[in-house]
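Read through the structure below, which is laid out as structure tokens, and then see the notes.
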Amino acid sequence: MSNKNNPIQAVKITQRDFRETPPPKSGPKPLREVTKELVDKLQSDIDKSTLELKQHFQSHPNVPAVLKVRLLENALAKSHRPDNVFKDNTCPIIGSADFGILLVSANEEGLGQLRQRVQSRAKTVQPDIAAIEEISVFSSEDRLQVSSLDDDDSGVQKYKIHLFDHLKDSQNAVVKNYFDESTANESLDITFREFSPHTRFHTVKAKSKLSIQNLANNVAVRSIEEMPTYTPTDYKLATSPVGPIDNLLLPDPTTGVDYPVVAVVDSGICRKSIQINKWVVGRKSFVPEDLLDTSHGTMVGGLIASPSSLNYQGSGFPNTQAKLVDITVFDTSGSASEDDLMDMISEAVEEFPEIKIWNLSIGRSEPTPLNTFSDFGCFLDDLSEKHGILFVVASGNHNSFTSSKPEEEKLRESRVSSPGDSLRALTVGSMAHKENPLSASETGQCSPFSRIGPGPAFTPKPEVIHYGGNCTPSGSFAQIGVLSCGPDNQMFESVGTSFATPIVSSIAANAWKSIDGTIVATPEKVKALVIHSAVLGCNGYEYSTGFGKPGDIDNLLYCTDDQITLMFEVDVRHGLVEFERSPIPLPTSVQEAGMFKGEVAMTLVYSPPFDRSFGSEYSRVNISVSMGETKEILDEKTGELKTIFKGKVPPLPSEKKDLYEINQLKNSFKWSPTKAHKKRYPQGTGVAAWKLKMESTIRAEEQNPATPQKTVLLVTIKSIKEGTNLYSDAVRLLKTNGWILNPVVVNVPITIQQ
């Protein structure tokens with residue numbers, strides 16, 4: 001059990017923690033021989049593309065088109081990027097689509113230069129040519145992402161269109177003018193919308209799907225899709241009334257207590273529910289009173305206000321409480337379009353800038369693509385950066401578990417939905433806390449309806465899970481669901497990730513409130529604290545359960561006597577500089593006969609720059625962390641001793657099959673701004689001096705950011721012996737060795753009085 005005399009300790013970073021690193025010795029070797037057949041094939045691709053675009057270039061010579069460049073499967077790493085072939089004087093790289101698919105800007109002159117370039121025998125160019133598999137024109141099929149164009153609906157349909165970003169203002173202005181002029185005579189209602197720096201698109205209202213199909217031939221257009229709609233919950237399970245709510249199930253707020261506050265973006269909190277309204281401190285509604293159905297929003301609000309008491313102090317429910325700001329965005333239809341939601345959330349965030357935790361128990365009825373991030377997810381990322389807030393988002397619900405489809409297809413359909421793919425958000429899945437003989441999941445397992453990972457580009461989504469109930473294959477959830485308040489002061493039972501999410505929001509809000517003032521609270525620190533609490537209790541990362549279930553608020557902020565958690569907030573520098581803290585002195589309680597016997601867990605969270613033009617490469621900076629030792633080994637080729645660093649704490653998951661980029665994405669979460677490492681050494685491992693390292697890698701085509709990457713790292717060292725005082729021994733030893741430590745919390749978090 002956590003001891004409130006053992007707060008997590010923040011480590012002061014100094015200039016001595018940074019050191020320069022040598023530049024790489026040489027560039028990559030060609031992945032294959034550049035044969036005459038390969039050169040002829042690539043030139044043929046270029047000739048074919050030039051012919052396809054000939055008519056366009058004749059009529060619009062200043063308007064660039066776009067080509068797709070498919071790379072070899074083992075050429076996805078930055079070191080194999082063919083940027084010596086695709087340059088400003090040929091066809092510059094302007095983005096990427098799927099894994100290993102680059103997008104390049106093309107004009108007639110550039111295509112001619114490109115044809116000559118692929119003949120080059122220069123040593124700097126040969127590896128780039130070897131990495132290219134195919135070059136082709138970005139086609140109308142690539143642009144069109146609508147479900148069906150077979151029928152011609154008589155009603156007006158809403159779509160959104162993304163134009164290509166050619167990464168130059170002058171080129172983009174030309175492309176925009178071309179799009180406006182070429183669509184002026186179409187019977188379309190087109191409006192340009194800019195919601196945030198990375199969320200810009202045209203909305204289109206069209207009566208005929210044929211007119212949308214015609215737009216797919218426009219070289220300015222990158223994608224066309226139906227305007228997405230979102231609901232408070234995808235899985236259509238009704239709420240069941242259980243009985244009246246009283247002040248034992250939902251206690252009144254204690255006078256004089258300064259509670260944290262969470263914004264609830266949902267269907268509204270019922271004004272007739274007396275008990276929960278004592279917790280509501282603000283409202284903003286975008287829905288007329290006569291169009292309200294507050295059942296979902298009221299349940300969500302209750303599970304933020306007091307999740308444990310509403311569930312009869314059930315084991316595993318946190319003893320946290322929080323007040324509420326009610327943001328009503330859904331009416332009785334139960335859905336809202338993406339652009340409308342963005343408008344409403346933007347306005348609400350501007351009106352309540354003091355609210356730092358925002359609960360979004362919403363989702364879509366289909367998964368996000370595996371290779372690109374949603375507009376809504378990108379929008380939340382931008383809003384989080386601008387306002388310094390943390391969105392806590394549901395992973396979404398599905399009903400694939402009731403289907404007889406093949407297992408692989410069911411897994412594909414059950415992946416996380418938007419906006420759960422937001423990289424800056426904390427995404428929450430659901431786990432079962434009860435079972436019965438007919439239930440589809442056992443207690444402690446992922447709920448059968450909970451959407452699972454991975455997120456786009458194999459990012460770890462959801463990161464955590466919490467109690468969202470259980471059900472039978474037919475959808476029944478009586479006595480195995482989650483309890484909360486509903487309309488008219490009644491208690492209701494239901495299930496869904498919608499109800500797991502507010503429990504985590506309550507924990508996150510209390511964590512923010514507890515550390516703010518002692519240290520500077522940030523979304524990254526709070527997110528790291530929540531995830532790290534789960535990591536400490538998990539056996540590994542799973543697509544279904546993420547890093548696991550976070551503990552109660554005390555487990556986030558305090559350590560047990562047999563462990564210590566250190567927080568490092570590091571401005572990781574770009575270029576040939578790395579962060580390095582060494583040696584890390586450890587007390588005798590984790591050492592025996594020169595061997596380390598214990599457990600190390602690390603959680604890394606940061607908010608990198610993003611660029612949606614690069615699709616699966618949306619995250620533009622990778623921070624890697626490693627804890628291990630420096631060793632001298634004999635180089636068999638030269639016969640000389642060389643110094644190497646060997647990490648001793650592998651990533652979760654730790655099934656790194658090889659060094660191909662795609663497997664590092666899947667198995668080490670490379671480029672993901674959330675990572676975790678964990679290793680237990682019950683038999684011991686010999687480490688002369690522990691060292692902690694962090695370093696930055698920048699994407700190809702990305703300039704070194706002007707400022708370092710702010711990164712939060714939590715490191716826990718735990719004894720495997722019972723009854724040790726590792727915490728107090730470690731604090732004393734670290735301070736003796738010159739480490740400057742400060743507790744992350746002084747304020748005692750607000751919990752229910754039992």
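Any Cβ shown, glycine's included, is placed from N, Cα and C.
TrEMBL labels come from automatic prediction, so no person has curated them.
According to TrEMBL, the protein has these features:
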REGION    1-32  region 'Disordered'
DOMAIN    261-548  domain 'Peptidase S8/S53'
ACT_SITE  Asp266  active site, charge relay system
ACT_SITE  His296  active site, charge relay system
REGION    402-422  region 'Disordered'
COMPBIAS  405-415  compositional bias 'Basic and acidic residues'
ACT_SITE  Ser498  active site, charge relay system
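Using a 10 Å radius centred on the Cβ of His296 (active site, charge relay system) and all shown protein chains, the other Cβ atoms total 26. Confidence across the domain 'Peptidase S8/S53' (261-548), taken as the mean pLDDT and rounded to a whole number, stands at 95.
In three-state terms derived from DSSP, Asp266 (active site, charge relay system) belongs to an extended strand segment. DSSP assignment over the compositional bias 'Basic and acidic residues' (405-415) gives 7 helix, 1 strand, 3 coil. In the three-state DSSP classification, His296 (active site, charge relay system) falls within a helix. Helix first, then strand, then coil: DSSP counts for the region 'Disordered' (1-32) stand at 3 helix, 11 strand, 18 coil. Its Cβ placed at the centre, Ser498 (active site, charge relay system) has 33 other Cβ atoms within 10 Å.
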